[in-house]
Amino acid sequence: MPRMSVGRYLATRITTLKPPGHVPPNPLKALGQLNWQQWQFFLVAFAGWTWDAFDFFTVSLTVTALAKDFGRTKADITWGITLVLMLRSVGAITFGLAADKWGRKWPFVINNVLFIVLELGTGFCQTYEQFLAVRALFGIAMGGIYGNCASTALEDAPPEARGILSGMLQQGYAFGYLLATIFARGLVDTTSHGWRPLFWFGACPPVLIIIFRLCLPETQTFLKRQELKAQRAEGVDDIQKVIMKEAKVGLKKHWPLLIYLVLLMAGFNFMSHGSQDLYPTMLENQLEFGANRVTVTQVVANLGAMFGGTVIGYFSQMFGRRLSIIVACIGGGALVYPYCFVRNNGVIGAAFWEQFFVQGAWGVIPIHLVELAPAGARTTIVGTAYQLGNLASSASSTIEAKMGERFPLSGSGTTVRYNYGLVMSIFMGCVYVYVIVLTFLGPEKLGRDMSESTTADAFEYVEKPRGSGADWEDEKKVAVEQEGKCVGDV
């Protein structure tokens, strides 16, 4: 099917923002369409993504304690966050290729085994250098989980339930942050071991997640795709070569899409990390909140995030993925001032609504990426785009911390205070504009049949089987035509 010109594509950016007019069933009815196996796939993916976030935020919530224990500045400790974000792309590519070749199950299990080892290792670090080394390895392990979770949770889901499931899945990130906040309050500096019990505890739940995943099969979509590849490759000598060639063809054919998704995910990761990673430090250092007030503010913010991601994810099924993201970014941008400059308990309400919109936009992302990505390289492209975006935004917390130190605040006492709120507001304002523009210019494939690109790409990585006739050519023609029947295709 011929591609439209750049000029024509740009001219359609406004018209394709028009809501498609599809009214999804009420949330309970939509969720009721899932069978028990689909629910189990969603729940194990949600659990994996939740604990991935928990493990990540253990550092963000213990920056002060880590800095004191290792004799370093807070900015130095944020390099532990930056290294994780930088190296997640390595894990995304490695585990993504493995999941597209061998299935979602075993790469997921291996990821969680590594979580156990490296969280324990972090808790036993005695020097700053050991801490950075372990967190760097943790970044590789962490990188492999997102694409796998998105594919596991959503590729078998009924079309009308995808929007709300996407929002619910993404809120595993906020839920993990919420759990990390709660357990940090209960475990950090409450024993003679300081911050370490939080990391030791973080190594325990992945054992249960591994057992849960071992009890489940591969997704039906993956199994059907394997069957289709076997049929297409009938008469081809090495089916494993065919499987690997599928991923290569997918990446070669769809590299402009991958670049776009990386740029989009860079903006989204700047948006989330820029609004979250240094926020506990701002509350503690700049606003001089005590531990209990910091915990309450963070809990309320993450409740807003979970609510926003689910609501906006659901309504994206009605209003479209791009329009929902743009509206959420406008709402978040309008709340930057109270989020960063309110100096009393009113900041708690601002935090709720700011994270409502930040994670509301994020709630659309899992299904948006899965719909855009070709099925043959879905886990690879979704995971790689997400983690390369993380790589681009990896220094966000360090940038904010370093810039914040240029704006010291006057005050009494021995603690040096900084105007982190000023830096965060400027940073977030720029990021919101960037995400709005990029989303406006981007494609959308709302309601895509998850098997379409599998069928089309399958004919490109397999030569015409020996003994096949005109039916094979006709099937190829239909498959290629099917691939273009989506909103905003590029």
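Here the Cβ of each residue, glycine as well, is placed from N, Cα and C on the backbone.
If you look up TrEMBL, you'll see 41-67, 79-99, 105-125, 132-154, 198-216, 255-274, 294-315, 322-339, 418-441 marked as transmembrane segment. Among the features that TrEMBL reports, domain 'Major facilitator superfamily (MFS) profile' is placed at 41-446.
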What residues in the same chain, six or more past the boundaries of the transmembrane segment (79-99), come closer than 8 Å to it by Cβ-Cβ distance?
-> 56, 59-60, 66, 106-108, 110-111, 131-132, 135-148, 151, 247, 269, 273, 277, 379-384, 386-388, 390-391, 393-398
Using a Cβ-Cβ cut-off of under 8 Å, list the residues of the same chain that are 6+ residues beyond the ends of the transmembrane segment (41-67) and lie near it.
-> 34, 73-74, 76-78, 80-81, 84, 108, 111-112, 115, 119, 122, 131, 135, 138, 142, 145-146, 148-150, 152-154, 156-157, 165, 168-170, 172-177, 179-181, 183-184, 188-189, 194-195, 198-199, 202, 205-206, 208-209, 212-213, 216, 219, 276-278, 280-281, 284, 397
Taking a Cβ cut-off under 8 Å, which residues six or more beyond the ends of the transmembrane segment (294-315) line up next to it in the same chain?
-> 24, 27, 30, 163-168, 170-171, 173-175, 177-178, 181-182, 184-185, 279-280, 283-284, 324, 327-328, 347-349, 351-364, 367
Positions on the same chain near the transmembrane segment (418-441), where near means CB under 8 A and six or more residues out = 10, 13, 17, 260, 263-264, 267-268, 270-271, 274-275, 278-279, 281-282, 285-286, 322, 325-326, 329-330, 332-333, 336-337, 339-341, 361, 396, 399-401, 403-405, 407-409
